[in-house]
Structure formats: structure tokens, C-alpha cells
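Marked as domain 'Tr-type G' by TrEMBL: A:4-186. The annotation GTP binding site is assigned in TrEMBL to A:ASP16, A:HIS17, A:GLY18, A:LYS19, A:SER20, A:THR21, A:ASN133, A:LYS134, A:VAL135, A:ASP136.
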Amino acid sequence: MQTKNIRNFSIIAHIDHGKSTLADRLIENTGTLSQREMEAQVLDSMDLERERGITIKAQTVRLNYKAKNGETYELNLIDTPGHVDFTYEVSRSLAACEGALLVVDATQGVEAQTLANVYMALEHDLEIIPVINKVDLPSADPEKVKKEIEDVIGLDASDAILASAKTGIGIEDILEAIVERIPAPHGDDDKPLKALIFDSYFDAYKGVIAHVRLMDGKMKKGTKLKMMATGKVFDVTEVGCFRPAPVEVSELASGDVGYVAGSLKNVRDVRVGDTITTEENPTPEPLPGYRGVTPMVYCGLYPVDSADYDSLKDALEKLQLNDAALVFEAETSLALGFGFRCGFLGLLHMDVIQERLEREYKLKLITTAPSVIYHVHKTDGTMIAIDNPAKLPTPQEIDFMEEPFVKATVIVPNDYVGAVMQVSQDKRGEYKSMDYLDVNRVMLTYHIPLSEIIYDYFDILKSTTRGYASLDYELADYQPAKLVKLDILLNGEPVDALSTIVFADHAAYRGRQLAAKLKEIIPKQMFEIPIQAAVGSKIIARENVRAFRKDVLAKCYGGDISRKRKLLEKQKEGKKRMKAVGSVEIPQEAFMAVLKIH
Amino acid sequence: MSYGVYIHIPFCKKKCQYCDFPSWEGKEDLMSAYTQAIVKEIEAQEPFLAKAGPASSVFIGGGTPTVIPITQLERIIDAVRENIPLDPEAEFTVEANPGTVTLEHMTALYTMGVTRLSIGAQTFENDILERIGRIHTAQDIKDAVRWARAAGFTNVSMDLMYGLPGQTMKNLVDSIGSAMDLAVTHISVYGLQVEDGTPLKAKIEAGEITLPTDEETEAMYDYVVNNLPPYGFARYEISNFARDGFESRHNLGYWSDKPYIGFGAAAHSYWGGRRTENLRTPEEYIASIERGESPARPEEPSTPEIQMAEFCFLELRTVRGIDREQFEKRFGCTVESVYQKVIDDLKLKELLTSDEKYIRLTPKGMKLGNVAFRAFLL
């Protein structure tokens, strides 16, 4: 394929605006997969993605399209996630493209998340094609949405494509627009190889597979390649493209998007954002790569069974391979033993990693409550960053503390402005600005502690605005705050893994709520368990889990002994999911209880 | 070798709110084919059982055995008598649910050689009976017991339940009083269990029904355990109480590693250390018998660990406990060689006690039976 007939593009959309359905329709329309092979939302290949209806990992697919001008084009669709946690994935995908479809729901309009992604695409100099989706719905108002795109984003929407991914309206137009409006990649096959790694994953048979976008040069089986940052040299055993399953091809040339596999067994040799070149004739300059991603949320991950420590480490390494935002280091907890402190982009990211570890790696885990990174200025003049409440120095050693704040952007219908203001104020947010997007919709910005966003800000925002609010946030700065460590004692013993850092004025309330929640969660055991919440040596709340004194099964109907045994086994299995801390057995969810209180 | 025979009648006039067992309402049209199938299944086992020797107990349970026409029940009992050698002293129980029985019913059963009736009373409070989906009233229970006596039965058992929605301690005390007044000889008392997928569970989750608190339920348990023995009902198993000599031989078989053979849909068998289960629905069961196939399916292959665990938790249900000698005979090693740590730990928790012959639950252990049983799962 000649470079002039290649188009590399992404789809940018707010969650639920129909990105995955549109991708499916493009795959189907170009005959990449037959109708029969189509499973709803082909690109969301993880079970988790299908269940939650979200895209987590960017996926890639090559479409061959015969345009109206008679020529055949290779369209590389690099799918992107839509959730705020996964912004960095979007940035990686965009760096491999020349253009993007901006999909906006004709019934909803521009959302906070769309804005953030469009700005990112503009930073990458991408050609943006606005697509107004779901025009088949009765409540669709394409003209209003067009105006919003022009007013809010500042894009010319006069040639926006009206489409319905569900019914197939406008799909031809979109394919034609991709060919006509998105520029062909301008690489040079004859220059030394310069390829961007934008993703990677581990295949049990082929080793590490790197997803690449070739800027210049060619890549084929048998050549010796070099990773410019890690210095790793390897022999190429296979190159290919995605249709959407990996398919081997004879070579990849400049402008192409595909994958490369080689003698790469160590996950650390392949770094997303690195540049691949040939060993023989290397390019003098690597590509700029990516801005490093900084995790914003930390939590402890511990195996329920301490024998699984090595498996957990192994699994985290494998996941980290295609998730540059996941960081982890070993840590020890008095209550939970050996585990890892892990950093994530946000709560959904944390949730997803935890679930993948449990599902794909069959690990039973205890996750501790998430924490942001606090800056603790000590009386000796030094500053330390704390991502684990248990590591907080004693109050005597602390001069003052700072916590991270974000700039939060909320878009809502104007009826809910009051609700947003109330929630934001309750969550210690500082009002910054309010702009009318049109007569009905308002964009508010707040300066607000990240810890509040992590707890329940978005949940409450959603429920008080009947789901209309959309939220985007970016780290702003660190600000001093009155913070204290809230400890939990079970049976009189402090449990380090249950400690949290909270705003001092909220401590008493949070302590009472947390103790009450733990009372619900911790099952009755053979002895009474006092639960206490404390700040320093001051007990601020107390609850009791009463002892159970009866636990018997009814009769064996018709001699069905196996059923009885299986029931006992299930109960025993349930116990295994609990962590024995001293003599108290604590279920997994207790460690996340702090998130369940409002 | 003594063994038990179980026959399952999977039909009910109405399924109870708490029931998740293989029983169905509204399948009256299957009853006659079902009876025919059971008879056929029993006949097919005749040569095998002739070699095995006499059975020591027969139990026809359900579902509601008394919901099928009496002539069909007669055909099944005839088939048992003609094809299965019975010990002359064999215990022959039929479950009879109040509201589905008459004096004629009882008389017919007695004439056919049934020796024991098990009456599903559950409680004597009409509003609670209605709430849990029973079709009968307190008066129906009393009638059923009186008719049983009139028909000639001297061995009458009654099932009662505690922890029922809306049940108070006074209700339970009254129900036990009523059972005493009726002079039954055996009482099974079960705590209500809320099973997944039952209407009861759905109603509790929807907040339409509330159960007594754990503390109230515990007090009811204590009342039963403490007050039946003074009436002359000795506790011989966690949930079972009997006047001297009226212990259920059939149920004791389940708890003491005796073999049993089951007939009918979803019936379980335990023979030669292997467990099998018949096809679950009456439709599947009938179809397989009509095709001339065996309805039995082996359960997952059992390991020595599973067999030991089952042996122990079943024997622990009885007041006598685990028979050390029987364990050694069965597995070729002592109980301690496998369970020393478990036994020590449970003794420390005051759940277990032992002497030279038996290892048994303490009264506290009976109350926390599941804690001890779980510990015996390897």
C-alpha cells in the first residue's frame, strides 16, 4: 500500500455517545468482518469492557476501504477510551494518528470529557471531523449540537456529518470524509526506521507484542531492531496488522500501524512511548515520546493468601506492560503482611486493575482504601510525599500538610447549577467560573481537593443532577489543609490498613460513619468485637459487632449430602476471602468501607 | 448389611415460600406417568437388592407424597414390598402434609404396612402458616394427627420450625405445647433458612417480610433445646428429638455412613462409598425411565478427603458423635492421624469433646455446628 492511501485516525467521544458502536459499524461496512463474525462492540475485547460498556484499553484495527474515487485505502482505526481516568491512553493513541472523528451525541451535546480530548487532539495537530451521532432519535437536535461545537470548542461544524451508528445513517459519508479530509501520513520508506510504540501486551507464545506506528522506514521479519530508550536489540519474528485480530503481513512501511513481535521475553524491555529503529542503520533522533503519566491515587494491594505474593508481583508486571500509568512497589502492613503500594490514574482505573488481577490471574486480593499523595512538611524543614496513611509521621513531627487540588470542570443543564454549587461547596471546592454554553447548559469550574473527587464527589454530583452532570478534572496544585489521620481499632488493636487521612473538620463525622459501616460489614464472630475510630489518642466513635452464638444447618433432604458439603465448602471459601487480623476475620470490602460512607 | 430406601414424590399442591427443593406445583398431569416410572425403576433394581439383603428402613418423602392419588401411592408401596426385601422390623415412613390427608388416606397407608408418619406442621399460627405459603391451618394439623391415631399409627413425628417471619417466642412455645398435647413421639425442629432464588428471599430483600432478629432466633433455639428433654424428648441429633425408642432409623442411617438407595426424580443414593443423583425434574426422570435408561448420574468423584469430611460432619450431627472404631475400619487410620489439629482447635473453642470411643460436639458445638463441620473439610 502506498503511503498516500493510508489514513490513521482515532475516535474521540464522551462515554455513551456511541463510539464503540460507530467503530463496529465501520468494521462491518468495510467488510473487515462479516456480519456473522461481528459480536456487538468488537473492539471492547475484555469481558470487563463489555460488561461495563466502557473502553479501557485502546485497540487497533485496519480497515480496507474502496473509496468513491475508485482507489483502495488502508484505514487504521486506533480506538480510545472515553473515561476521565484513561486520558493518557487517549494521548498515546492520538500521537499515532493524523486525524480524529469527534463524535457528539445529538441528544446530549458536548460534554466535559469531550472537550478535554478535543483539546488534546488539537495539541497533536490532528484533523478533526465532527460527527453528530444518534440523529435517528426523536430528541436529536443536530443544529443545536453543531452550534455548541462551534461555540464551545471553536471548531467549524458546517460540514459536520450527521450519523446514526445504530441504524447505519452517514457511515459512507464518514468513510469518505476520512479519505478526503484526513491527511495521509508523510513518512519516507527510504529513511532509517523510526517507529513509535503506542501500546504493548504479553502473549504466552510470542512474548511481548508491541503496537507500533511507523513514521519513517520499513520493518519486516528477520531484521535486527533496537529499542532506543532501553537499548534492547531483538530479531523480528513477526510483523502484522489488526483486523481486529492480529494478522501477519510481510512488512510494515512508513505510515502503517501494526504490531511487531520478536525475541522479547522480558516485559521491561518494551516501553510504551519508546522509538524502535534498526540496529544497522539507526535514526539519529528518537521520537518525542510521551509525557510521563503520574498516578493520582494510591492503594495497597495484598494477596489474601500470602503464598500468592509472587504471583501478584508477576501479574502486576504483566499488566504494567501495557498500562504505563500503573506503578507499584513492595510494602508491608502490620495487619495485611506483604503486598504492594500501587498507583492509579483514578478510581475506575484502580477498580479495573483489581478486577483484572482477580479474573485474569485468579488472585484473591485485599485492596485498601485509596489515598492521594500528601505533601508533609516536617518540623525539621524537610518535605516528604505520603501515599499511605500508615506512613504519616507523628503529629509532633509535622509542621503542616498539603493536599493535591484539581481544576474540576462540570457541565450541567442550568436547572442544576444550584445543586452543583452545593455539592462542590460541601466538598471544600472553591468556585472559579461559570459560563453558559448555550441558553440551557452551563460549564462550572471549581478548585477542589482531589481526595474529595476520589471519595464520592462524582457520585453525589450524578445523583443530585439526575445523571446530567459530566465531569473532567486535571491536577492543579498543592494547597495547605488541616488534615488528620483517622485510625480504626478492632478489639483494641489499631489496624494500619484501615487508616485514612481526612480533613480535620470532617474527622468526627467520618469516624462515626466508618465505624457504623464496619459494623455492617464485619460478620459476627465467636466473640464480641469492639470497633473504635480514633484521631491520635482520642476515641471519636465506637461500635460493637456482637458475637454470634448459633450457626447450624437444617436437615439433609433426601440424603443429599453433597449439597450440604458444598454449602459448607462455600462458607469455608468465603472465610478464605477474609483476612485474619489478630483474631478478627475481616472481609475484603471492609478495607474499602471508607468509600461507602457519605 | 442394612440400608435405607428413599422414594421421592416431587409434587406439591403449592410450593412453600422458603422451599428450594426439587418439588413442583401444577404438574398433576405427570403424576400417573411418574408413578409408573418409579415402579419401573424399583422393579429394575429387584435382582440387585435381592442380593443385598433386607432394607432396614423405607422413607417416602417429598414434595408431598400424600398429594398423589392414594391408588398411586398404593402402587408404589406394593412395588416396594414386592421387589425390595424388608427387615421384619423395618421402619416405613411416609411424609404426610396436613391439608392433603384424610382419615381414609391414613387408614390405607396403615393397612399397607406403613409404620410411621411424619407430619409437616411447621407452626400452629395460622397467619404465619399463610405467610410462609403453607396450605393448611392449625386445625388441619390437629385433624391429621388425630386421624393418624384413629387409623392405628403409634409412631407419629412432627416437623416444626423456628425463626419464621413474624414468629415470636410465645408462638414457638405455643406450637411446642400443641405438639405435646397431640402426643407425638418424635419432633424435628428446624431453623428457617433463607435460600437463594426462593420467593421468601425476594420478599425479604424487598422489605415485605422481616425475620426475627438473630438474638430472638437464638432464644428460640435455646428454648427448644432446653425444653423438649423435660417433656421426655431426648435430643439424639442436632435438630431431632424423640421419645425413647422412637428415634428415626432412616435418618440415623444418613448420619452414620449407612448405604441408601433412592428412587424417583432428584433422589440420591449412597452405595459402596459412591454417591449418585437421579435426574432432577419429573419430566427428565420419566423420559429416561421410558427410554429404558438409568436415571442415576454419578456425583463428582469423591476423594478420601471428601469421604472423611462427610463421615465426620454427618456423625457429628448425632449426640453420639464420631465412632472412632468405625472411622478406622472405614479409612484404615485413626481420626487423630488426620484431624489432630482440628480436634485440638475445636476443643480449645469448647465446641468438641471426646472419650475413648466417640468424638462429639458439646452443647455449644451443636449450636455452632457449622463452625465445627467446616473445620473437618480438608
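Easy rule for this one: first residue shown is 1, then count along the chain.
Backbone N, Cα and C define each Cβ position, glycine as well.
Binding-site extent for GTP: residues A:ASP16, A:HIS17, A:GLY18, A:LYS19, A:SER20, A:THR21, A:ASN133, A:LYS134, A:VAL135, A:ASP136, maximum pairwise Cα distance 17 Å (rounded to the nearest whole number).
For A:ASN133 (GTP binding site), other Cβ atoms within 10 Å of its Cβ number 31. Taken residue by residue with DSSP, A:VAL135 (GTP binding site) is part of neither helix nor strand, so it is coil.
The Cβ of A:ASP16 (GTP binding site) has 14 other Cβ atoms within 10 Å, all protein chains considered.
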